[in-house]
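Single-structure report; data block below.
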Amino acid sequence: MLSFVSRGALSLAVVSLLTSAAAGEVFEKLRAVPEGWKFSHHPSGNEQIRLQIALQQGDVAGFEKAVLDMSTPDHPDYGKHFPTHDEMKRMLLPSDSAVNSVRKWLESAGVTDINEDADWIKFRTTVNTANTLLDADFQWYESDEKDLQRLRTLAYSLPESVAAHVNMIQPTTRFGQIHANRATLRMKPKQIDEGSLAAATAASNTSHCDSVITPACLKSLYKIGDYQADPKSGSKVGFASYLEEYARYQDFELFQKNLAPYAKGQNFSVVQFNGGLNDQNAAGDSGEANLDAQYILGVSSPVPITEFSTAGRGPLIPDVDQPDPSSGSNEPYLEFLQGVLKLDQDELPQVISTSYGEDEQTIPEKYARTVCNLYAQLGSRGVSVIFSSGDSGVGSACVTNDGKNRTHFPPQFPASCPWVTSVGATYKTSPERAAYFSSGGFSDLWPRPDWQHDAVASYLTSIGDKFEGLYNGSGRAFPDVSAQGESYAIYDKGALGEVDGTSASAPTFAGVIALLNDARLRDNKKTLGFLNPWLYGEGSQGLNDITVGGSTGCDGRARFGGKPNGSPVVPFASWNASHGWDPVTGLGTPNFEALLKLAKAK
């Protein structure tokens, strides 16, 4: 017998089905389209979108305590890093009920392409389904400054029964605008004094290094001398490349020939994530990637080097490997970290340097916390995560974006994450001075960790109420350390030029740590891993305290004295270098001889 349902009853049934899967409470929401972005066009309803759900993790507090224990020299568990991805994830796995609840929610909405990955669930669906599932409004947005589009929503919601199991879903509200922490590359070979360059390249002291920095300058200044690493010791170092930048083999060879002849013949390997390439003929910028590769080589050769090339810039042309055009709009931090954490121990570099960042306040809090937790996971695998602190000094856009428009010194992310080692910049050599552009300050998301409490409290006491109310004095303070950051000689697209920025400081410090790991491994010791508890403890004895100079900022202009940006002006805004830790140079620059003795003692 046929039965008929009225149109009204059918509509109610459909609404009931959708409501059971669709969202209830707003989970994340932006006040407006982020500055620097604008609406581009509507997606088609059947356009594919790929999303990732970060699930509530298991014993997060226990995991973080374990990472601190294995990173604190006097603790019995010091150096007992997790040897595999699976072992590391055991403490963080969500409950079976959490996984089942989220999966059933997706399936009830008709989602079938679902992949479980430890504390992540990844799925692909249509824009229409995603909008219904999340009570979202996905649209294509484009950047004002770059040829960049992203499929995003300004808000999304989750049912209460699902929200209890979820940290975040991305890419949704995360627009992002990461930039390399460096000045515009100055490819003007005639401005480099050939005599100074030759002298600096052959430097046995630093007398010729105030006008141009070469590997010889760094080896002399930081007392690396003729230390010879063993390429078979097991020490490895890597760097992250984003924004379609690729280190170039020909420039690498030119650098070896003319600036680092002792490293001649060494090459770097490339690991690709999320459709990242190794395009040696790319027309775009390659200065950042070349800088990283060349100065990691210059400091740490012959330690093996790996470039991690990670895509994540918007629409891509589909192919067999990446059939989904929307997957290219995923954020590179997540794609990179998820990929590198799964590497086997013999493939995983024990030091990874990254020279990209952005204002902490521009990042959705749930996203920032999730990414920071992933850096802690790297630390648990025995990896030292090195980040440039940024190039905006005290700050560039010195106003909050929370609707209150308060004048504020903006911290940088990921440099403000407590699980990374943040590197500021210096210049000159006798003495070294704080670079004016070296970013530093205090996080608005993370409290000050115990391992830096005394050092930071001493600095805050010394400045009294100066700039009170413009920063969060109880937040995680950065940078942690520093290194030279001006007038680095590099090769890019066959030309010799100079570059400034904490992007130069980070690979330099990473190279030093790679050498320390080499020495420890040759002594049958574990790698240093997460550095900060050691650096703020005994390791501080191996750093050169910088007490001259200071940063600037909040002058109403873009970083590096760029164009006016309309932000508030704070007269004489500056962090000054001082005895002990300060928010320009951190604890200071490396003294390799002293650090080597300290690193081998534990």
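Backbone N, Cα and C define each Cβ position, glycine as well.
Database features (TrEMBL):
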ACT_SITE  E288  active site, charge relay system
ACT_SITE  D292  active site, charge relay system
ACT_SITE  S503  active site, charge relay system
BINDING   D545, I546, G580, D582  Ca(2+) binding site
DOMAIN    212-602  domain 'Peptidase S53'
SIGNAL    1-23  signal peptide
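Feature map: TrEMBL annotations on the structure.
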residue : record                           : Cβ within 10 Å
E288    : active site, charge relay system : 29
D292    : active site, charge relay system : 30
S503    : active site, charge relay system : 30
D545    : Ca(2+) binding site              : 18
I546    : Ca(2+) binding site              : 26
G580    : Ca(2+) binding site              : 16
D582    : Ca(2+) binding site              : 31
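Note: the Ca(2+) site is recorded as D545, I546, G580, D582; in the same chain, T547, A577, S578, H579, W581, T585, G586, L587, G588 also have Cβ atoms within 8 Å of that site's Cβ centroid. Within the set of recorded positions S503, D545, I546, G580, D582, the entry lying nearest in space to D292 (active site, charge relay system) is S503 (CA atoms). With respect to S503 (active site, charge relay system), the closest of these recorded positions in Cα terms is E288, chosen from E288, D545, I546, G580, D582.
Comparing D582 (Ca(2+) binding site) with E288 (active site, charge relay system), their Cα atoms are 27 Å apart once rounded. In this structure the C-alpha atoms belonging to G580 (Ca(2+) binding site) and E288 (active site, charge relay system) are separated by 31 Å.
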